[in-house]
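> So TrEMBL lists these for the protein:
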| type | residues | note |
| --- | --- | --- |
| ACT_SITE | Lys16 | active site, for sulfotransferase activity |
| BINDING | Lys16, Gly17, Gly18, Thr19, Arg20, Arg99, Ser107, Tyr207, Lys222, Gly223, Arg224, Pro225, His226 | 3'-phosphoadenylyl sulfate binding site |
| DISULFID | Cys208-Cys217 | disulfide bond |
| DOMAIN | 7-244 | domain 'Sulfotransferase' |
Amino acid sequence: GTSRQIPQTIIIGVRKGGTRALLEMLDIHPNIVVAATEVHFFDWDENYEKGIDWYRNLMPFSYGNQITIEKTPGYFTSPQAPGRIHDMNSSIKLLLILRDPTERVISDYTQVYYNRVESHKPVQLFEDIVIKNGVLNTKYKAIQRSLYDVHMEKWLKHFSLDQIHIVDGNTLIKDPLPELQKVERFLNLPSRIMSSNFYFNQTKGFYCIRSDGRERCLHESKGRPHPLVNSTVLEQLYSYFREHNAKFYRMVNHSFDWH
């Protein structure tokens, strides 16, 4: 009695915002099934050209009472994704998980740094990438990805605000249950995720998942320690994002505890 369904909900981003944590935590819910990998259907032309049946075939099998969810963090910053998703399903529900934009930039750098170290490629200090000729390098991709107002504007051209639920990534890591209960309500699902589904892992410094008699933590690549960043550089980032954050808060009628 199962079939592969086109997702009724998509986690559209943001990269290094906590999309994997959100997906794995939602997977606890009996009415949710999740795609195993990032599909990149709506943001990569070569995949989009393969068509909707190709996309559907990458989804897990589900029952009629289950919601299929996929997550591809690249969607949020993609110019094409909002229109393409709207063309597929104009009434779809979208999940967007965000965190402090400066933290997100540092996390973005940290991932690339470790990937380069593991591939024996040369690495640069964070400050040497972020500062060029004494000023902030606003062309740096990681900074561009943290301009939430710029990207949100594109989504709001295609979707109403009540179709996009914003998850606070900073809160999800510290206290997952309230954020997940908000998602349950947004998706009109019965409340099934409980505090007993989580336990704090002292070694990792964040919550792990307990469900179906199994315990699991996120992959070791998650929650890696960030480099210590020069305080002057941090202030430059906070200052740069301040106006963008204020604009974003106005757009979504909600404020976040960001610098």
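Backbone N, Cα and C define each Cβ position, glycine as well.
All annotation found in TrEMBL is predicted automatically rather than curated by experts.
So where do these features actually land, and what's packed around them?
Non-local contacts of Lys16 (active site, for sulfotransferase activity) by the CB criterion (under 8 A, 6+ apart in sequence, same chain) comprise Pro73, Arg99, Arg104, Ser107, Asp108, Gln111.
Residue density at Gly18 (3'-phosphoadenylyl sulfate binding site): 28 other Cβ atoms are found within 10 A of its Cβ, drawing on all protein chains shown.
Contacts of Cys208 (disulfide bond) defined by a Cβ separation under 8 A and a same-chain sequence distance of 6+ are given as Phe198, Tyr199, Phe200, Asn201, Glu215, Arg216, Cys217, Leu218, in order along the sequence.
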> Do any residues at least six apart in sequence from Arg224 (3'-phosphoadenylyl sulfate binding site), in the same chain, have a Cβ closer than 8 Å to its Cβ, and if so which, in order?
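Correct list: Thr110, Gln111, Tyr114.
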> Please compute the mean pLDDT of the model over the domain 'Sulfotransferase' (7-244).
95
